[in-house]
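Below is a structure I'd like to ask you about.
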Amino acid sequence: MSSTSQKHKDFVAEPMGEKSVMALAGIGEVLGKRLEEKGFDKAYVVLGQFLVLRKDEELFREWLKDTCGANTKQQGDCYSCLREWCDSFL
């Protein structure tokens, strides 16, 4: 597995509170805007979808691709970020 980004490290270091969806690793401005347009404006809303999908990597990656057009790397970065956050805080 590749090393995690600073964005990933910053996100998983603390409770997410009201962080923007763009605070998630793998989600930049373009994907963030697409997610916001579909009602996923906060990181915790994406976390909710992640949990509804039972933290299943394949289902979450597919959902992210279908919802905002995330590529394979972006999908993996976002999944890993949420998985590690859940391991620390849930």
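Backbone N, Cα and C atoms are what each Cβ position is placed from, and that goes for glycine too.
Take a look at what Swiss-Prot says about it:
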type	residues	note
MOD_RES	Ser2	phosphoserine
MOD_RES	Ser3	phosphoserine
MOD_RES	Thr4	phosphothreonine
MOD_RES	Ser5	phosphoserine
List the residues of the same chain that sit at least 6 positions away from Thr4 (phosphothreonine) in sequence and have their Cβ under 8 Å from its Cβ, in sequence order, or write 'none'.
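Counting only residues 6 or more apart in sequence, the Cβ neighbours of Thr4 (phosphothreonine) under 8 Å are Ala25, Ser80, Cys81, Glu84.
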Mind checking which of Ser3, Ser5 has the fewest other CB atoms within 10 A of its CB? They're the modified residues.
Ser3
